[in-house]
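TrEMBL has this to say about the protein:
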ACT_SITE  9  active site, proton acceptor
ACT_SITE  129  active site, proton donor
């Protein structure tokens, strides 16, 4: 069964969503992520947590939120500003299950290898966010390398967990690009999909393609997808 990871994107402590990765198209959904999670009718067994300001600055800062969500027993994958081995180690020590690596692991192969050697392939997720055929890094502000060759290299290095975001559809609720996801369903590794997912039908389609994990953001925050329909009781 496909794993569903509800996303909590934070900016200055608030729960937000961007549209197509644009920081000037930000919607605030809640002032307090801990209170928001507490108000939900059911516990979130898994959370995809991202510090958007950290993704821009290179410094993760949402330590209080991370630690409290971990204390509540949710499985957390966290990203946004993890550009040093010490920061990765601290997040794991505070209870995170895995760390999402983007800009630094994409632009610096030596860092990617050192992180993998120290923490192992089950604790690290490479985030490949794609717009118009190129990866985007530094909070989606700059172009990175071609995504296919990047993942081939990092898979050969030893990475196995990959999160892919279709930025062109992220935060839009416009639905999937089937050709995009058929391609990524056929690469090596364990792929998580995000960007444009708007309905249960989209999740079911990704499952049929063979993708084992999905990240949903605006779809659950807006109520387009009900958590009770996609998460265990």
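Cβ coordinates are placed from backbone N, Cα and C, and glycine is handled just like the others.
Those TrEMBL annotations? Automatic predictions, nothing curated.
It should be emphasised that the depicted structure is a prediction, and the values quoted were computed from it without experimental measurement.
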- Task: May I ask for the distance between the residue listed as 'active site, proton donor' and residue 9 (active site, proton acceptor), taken between their Cα atoms and rounded to an integer number of Å?
- Result: 15
- Item | Mapped DSSP class for the residue listed as 'active site, proton donor', helix or strand or coil | strand
- Item | DSSP state at residue 9 (active site, proton acceptor), helix/strand/coil | strand
